[in-house]
Amino acid sequence: MRFAEDDCREGRRTIRARSRPRLQTTISVLHAFSFYGSFLTKFIKVAFVLFVSISDSSLLVVGMTLNVHFHHGGQFVDDYGTYVGSVYEKQCDSEVWGYFEIVDIITKLGYFEIGSILYDFAGQLKPLTNDFDAIEAANWARTTFKVDVYVVHTITQPYYVNMDEAQPEPMAENENEAQPKLIAQPHNEEAQLESEVESEDSAVDVRFGDFEDEVGLHDEVGLNVGLNDTGGVVNELDDDVQGGAGSKKQKNKGGRPKKNVDGAPSKKRKGRPKKNVAAEQQVEVTFSEEESDEETLNLRKKEKMVVESDEDYKSEELVSDVDSDNESEEGSKMVYPSFVMPKSMEDYKWEKGTKFSSKAEFMNAVATYAIHNGKDIKFGKNDKIRCRAMCKGGCKWFLFCSKLPDEDTWQIRTKNDTHSCILRDYNVKLLNSKWLGKRLVPTVKENPNIKCSSICTKAHQKWHAGISRMKSYRAKRAAIKMVDGSFKEQFLRLHDYCNEVIKSNPLSTVKLNVQNTDVVEGQDIIVQDYVDRPILPSFQRLYMCLDGCKQSFFKCRPVIGLDGCFLKGYYGGQILAAVGRDPNDQILPIALSVVEAETKDSWAWFLDLLVNDLGGPRLCKTFTFISDQQKGLLPAMEELLSGVEHRFCVRHLYNNFRKKFPRKKIKDMMWKTALASYAHAWQREMKEIKATNDEAFKYLIKIPPRHRSKSYFTFNSKCDTLVNNMCETFNSIIIEPRQKPIVTMLEEIKGYFMSRWTTNRSKFDHLPNGSVLPNIKKRMEIEQQSCRFWFCRLAGQKIYDVVSIRTSDVITEKYVVDLNKMECTCRK
């Protein structure tokens, strides 16, 4: 047993000894993998990001939010290793991310002069000068989840330099011959400073001695700090420089500046601009005799300076077109063009940075461009802050416009203004009725009745594009709406319009009736959904009677025609009109009303106002009314003017009569009953109708003869008319205004009244006093021609017996004329 145990122990020792090197090797391999694995992971990660940024540098994830850190108000230390300053964090949308967006944000931080903009890319600082750099910085944010932007500021403090001696140049005798003076360029191993003086209102006065001269620098000297091509810093002096005599003298050897006037070493100054600068700073400048004139000339060309003298500048002309107060703050801010619609956008070239007052203006400009060039362009991304227009059919043309922060202005950020599509598209989708309606406004003003087919033809001739008939109809309707105004908006201005009519026509009557509650099934329901919201009344009726119309009617025959016609507008309605006859037997509009429908209530409301305007019910009962038996008119007349003479238009009576009795013989008999001037003649004609058609007789006998026959008319009106043609004529005149909104319609009707009154007045002025008006004179001439068929005999004092001598008459007519009473038994 002991030997067996010893053998086991020996075997375990052997196994341990053999496995120890393998275990150590395994541990070493694991350590190596652990070390190189982390390094390899970082390398793969960086390589992947670099590959993505290089291969996809022009693309950016849509809808991505960028966490941007703006480092500003400081400077770099340790050769761009660390930036000491303030940090401003902002969440930016990738859709509007770009160079202009970055410049706008930095400008709103208060920096109007920017030396340069840098961004961190894989641990390196790279200049950010365009949109591609901005997209590259944003792509790097996929890994770091942020974008670091560094602002290198300009310097407005004076920079002190020592200059080598040079031969003085003679001073110009006058200000017009002044030549640019030189300020030397210092040499630095880290960066080369290039100073440029650009001032139009300030100057330098340099006085030279025999060997040593002094130049003093006064006022503020601003330095714009940026990066040159070699990576150095460039300082540009862009404020006022003035020369003066100094108190110390100093020389430098070798031609390089070493110290300033106070003995302090020359040093670059960076950071934010300082406002308070010493009033007087002096620097001694000496020139080396070893420098040649060629070096001085080359240096002068390189500096590109313009130097003048404040003391010698006596001219009052304004050299600069920029205000000197704003020159330092806004001089370096880029100004972008604003879009102005040209006459034709064919072959129009879009400019990056163009500003639009609104998104609607941008979309309208794109639509006009697409139609004029025959390109089928559509809008892709379109929301409150961005809008992208792109060409269909695989074309690479596109425009991206976005809204500027805290402004209503929109600006083109990126574009590709080259079309790869060659053929012209005949059916452009952006040629819609809204766009076409705006272009049809001048045409509709000249010709409101233009046909839709003419619109289609003109669109094809002008833009080489096709539109449907329905699209042309909608465009015409939109143009009419722009010309005449909206129906809904004009109802809101009715109160103002009524006040203006009364103001311009003092004794006129204008009544506006509104409804303050919603009527549902005969019950008044007050709107209580929005208590704080004011309840706007709804339009119900409007009545207008001009004073000129009333006064004219009082001088004419008391005959009034009543009629109604429908409105062709969006909300419908009816026009009720009262029309008389003027002395020339033509239309004389008296009053009109716009109501919701022809009902008893609406007619009663209209007649009540009309009767009050014409003198009251007692006087109006002596008038004669003629109508077409409109709905609700007869009960309203019976209620307000009971017993008044009311005639029915015979033409409208026959239109209803011929539906049952269409024969011409019955028609002639009916008109004979209407034209019968005395009762016996009417009875004779009615007997003939009964003998011919008993049903026709029963139909006509139901209508009282006082409404439809001359034999039963009174003599008060001095008018024997049987038809209501005056109202029909008035309805045909206002057929076009009836299609328009209510204010436009009323204004055009009122304008017709004024023009008609003016025309009739001018015609009447040319007639001699006491002359008969033209239409009445024509009627008298016709009656004179018919008198030759009548024979008269004196039967008493001013009483005559008149007999017809026409051979065609079956029955000999015989009447008595009494000139004392001015009557005739024929009642004509």
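Positions of Cβ are set from backbone N, Cα and C atoms, glycine also.
The shown structure was predicted, so the numbers you read here are calculated from the model rather than taken from an experiment.
Database features, via TrEMBL:
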COMPBIAS  248-258  compositional bias 'Basic residues'
COMPBIAS  266-275  compositional bias 'Basic residues'
COMPBIAS  287-296  compositional bias 'Acidic residues'
COMPBIAS  297-307  compositional bias 'Basic and acidic residues'
COMPBIAS  308-329  compositional bias 'Acidic residues'
DOMAIN    66-153  domain 'PB1-like'
DOMAIN    348-412  domain 'Transposase MuDR plant'
DOMAIN    559-656  domain 'MULE transposase'
REGION    234-331  region 'Disordered'
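When pLDDT is averaged over the domain 'MULE transposase' (559-656), the result is 93. Residues of the domain 'PB1-like' (66-153) grouped by DSSP class, helix first, strand second and coil last, total 24 helix, 43 strand, 21 coil. As a summary of secondary structure, the domain 'MULE transposase' (559-656) carries 33 helix, 33 strand, 32 coil according to DSSP. Under DSSP, residues within the domain 'Transposase MuDR plant' (348-412) fall into helix, strand and coil as 15 helix, 23 strand, 27 coil.
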